[in-house]
Every structure is written in C-alpha cells, then in structure tokens.
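Taken from TrEMBL, the feature domain 'RCK N-terminal' covers 1-120, 228-346. Marked as domain 'RCK C-terminal' by TrEMBL: 140-223, 371-450.
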C-alpha cells in the first residue's frame, strides 16, 4: 500500500512507524528539514521537504498514486486543504486530523463535499477511551466491539485473587459465565491461552464477554467494581471538555481544575453543569481543598507527562479508587502501566490505531470486512472485529475442523444480536460479526488459518 503522511509531529511520526512496520511504502511530507532528516534516519521511508498544500511537493510525493493520504498537522484548515488537493490529484482515500469542535460538528459536509473519507479528532477519541475506562473502573482498559455489545476487559491478577493458581478450564467449569480469557500478559510475554494454561499472580488478563457477564464475573471473583459517581479532571484542555461532557451525560459529577482563567471562563460557559475551579491542580493543598479524599476517580490531563504522573502518584497515596493518566512518551507509559495501578491513555497511539485500523480494513479481502482494530498488551497483540460477508473455508467447517495459527483465537461471535462464545462445534455464518485476538499481523479473517 502506498501511504503519504503530512506532518511529522507526534501523531505523524507514530503513523510512519506503524505503516513502516506494516510493510507499506511510506512517504512523509513536512516543511521542516530537521524533522524529515530525523524520521528518514530512524525509518526506511522517503521524505519530501515542503508544504502539503504545495502542488509540486504533492507531485514529488506522488500523491496521485497514494492508496491513502493522511494529513495530521496541528492546523485543521491545512489538513483539510491538503486532503482536498490530494484527492483532486488522484489519491484513493484521504484522512484528516480535525481538532476544532466547530468543524467536528460538520463531519457529514466535510466527508461528502470535500471528499475526506475519514476525519479523526484525537482529543475526542481519547475522551471516549477514558469514558469507557471509567464505565468499568475495575479494569485497566476497556475496548468495545459490535457497537458496544461485546467488551474486551484488561485487569490484573493479585496474589489473593480467586483465579490465582487455577487452569483456565477450571475457571470456566467453576464460574459457568459466558466469557473467554483470550490473552494473558506475563512479564514481557504474551500468551493466547488454551484450557490448560494456569493463571499466576501478576498476570494481566484480557477477557471478552457482554458487559453484564463481565460485571457478574468480576463480582464472583471478588473484584470490586464500584460505579464511578464523581470525577476530578486536572487540566482544562480539549480532552477534558469532551470527557466532562460525556461524564455529565452519564450522571457523573465532574470537577475540572484548570489554572488558566480565560480557559476556565470558556469551560464554565460550555459546561454549566460542571464545577470549574481556577487553580493549580498539581498543588496538593488545592487537591485536598477540592476533595481528593472524597472523589471516586481522578483523570490527569495536563499537557506535561511528568505533572500527570506526579498527580497520579499523589492520588494513589490518597486512596483514589480509579486513576487515569494521560502520557505521551512511550517510556513513561510503559513505566506507569507496569505498576498495574493506573489506566494509561496515549492520544497519539489512539489516533494512530484508528487510522491503521481504517487502512487495514482497506486491505481486507472481499469475503470479510474489518470493522475495528485495537492494539492490546502494549501493542504486542491485536483484537480485531470482522464481518463475514460471504461463504468461504471458514464458513464450511466447524471450528474444531479448522487448523488455525498458533496464538490466534476466535474470541466472540455476534449473530442476530446474540453473543456466542465459540467452542469446537461452533461454525461461522455469513452475516456474523467475529472478534479475533492474535499476536500475528492479519488483514483478513482468513489470515488466521495455518
């Protein structure tokens, strides 16, 4: 696949890295020569130094041959213009990063009139991710498939957990709940487990089930999943705005602590039901005064990783039940995730995953259609949602008769709005929505075959 990325910032660099790893032919366009030189040194990609709105630059990058053209600079108008010009030159699919919420209200017009196939708002996408995490606070992360009907939950196993020391087949036999343990992280290793796999203290489990069955399972193994009723958000940026709006609509009381007075006035105007406090959210005296000891959850969303980490660690010391931390640097994200205490969100990864998933869907064969892609277990495994659109080898046999690759698992099937957790006798049908968890790089459902 021929990929052109305009903008070599955090998101652009992540996209270059991911598409390069996928084996695609990547061209980066950036007006700054030092960015081009740095990315060219780090990755096997071609860089064109120039403006994404310059016709000669686009021609040099061969925008007319692009299978997907992606504009992710900091400027919304620039991104939109880039994609319109690339489309006119012959680019097949165009993706634009759009952050301004006024433009975000006009998505249909931008898609239809301007020919932009996918519009991504990183801040809105990050807010949605945090909202999902707070919806199920016992989990470190929560992903959804099939329009929210199927959930993929990540959570830690402590030494006193009821699952510790038990084989997976014993767990299924004892609890008799419709769920599937589809991936386990143990240290730096990732396992797609079979029934004989024994759960150990320190493992991170990924399970698929309906929301109701996940909640029931957590209750039965003694994991407390108290519903979040109050949230403090530190930082009043775009993510905070989108998140507060979602939480308020869910009936959660929200307090935003932001040090900039003008921003506080704007938030007060647009979020009249939220409690907006103009103060330094990194000051422990401010946090104490604003009720950190009485709050269910805290979300650290300042623009500085180190501040978010310190706020989160202090919140842990004050026994806040659920802590979500925004971190941009991968090294910091891994450090925080390894503690098993915090839920970490990284906007550039969330944005890149949306775009990579869209691009991967473009490669899908005609017999299956990829709908959703999530990177899980520190990007060491993937969970994908496919729709079966026609008959194939996978629909002609039961699963026990199909030889699948090692470390590939059919985690769930949605048929006629009913969730099925597959066994050896299960058989795929046209129209099914199928969730796959694997450590392999796949673009079609058929790629799971050995």
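Placed from the backbone N, Cα and C atoms, the Cβ positions cover glycine too.
Caution: TrEMBL annotation is automatic and unverified by curators.
Just so it is clear, the model here is predicted, and its values are computed rather than measured.
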To what whole number does the mean pLDDT across the domain 'RCK C-terminal' (371-450) round? 86
Ranking 140-223, 228-346, 371-450 by Cβ pairs under 8 Å to the domain 'RCK N-terminal' (1-120) puts first 228-346
For the domain 'RCK N-terminal' (1-120), jot down how many residues DSSP puts in helix, in strand and in coil. 57 helix, 27 strand, 36 coil
Counting each residue once, how many in the domain 'RCK N-terminal' (228-346) are helix, strand and coil under DSSP? 53 helix, 27 strand, 39 coil
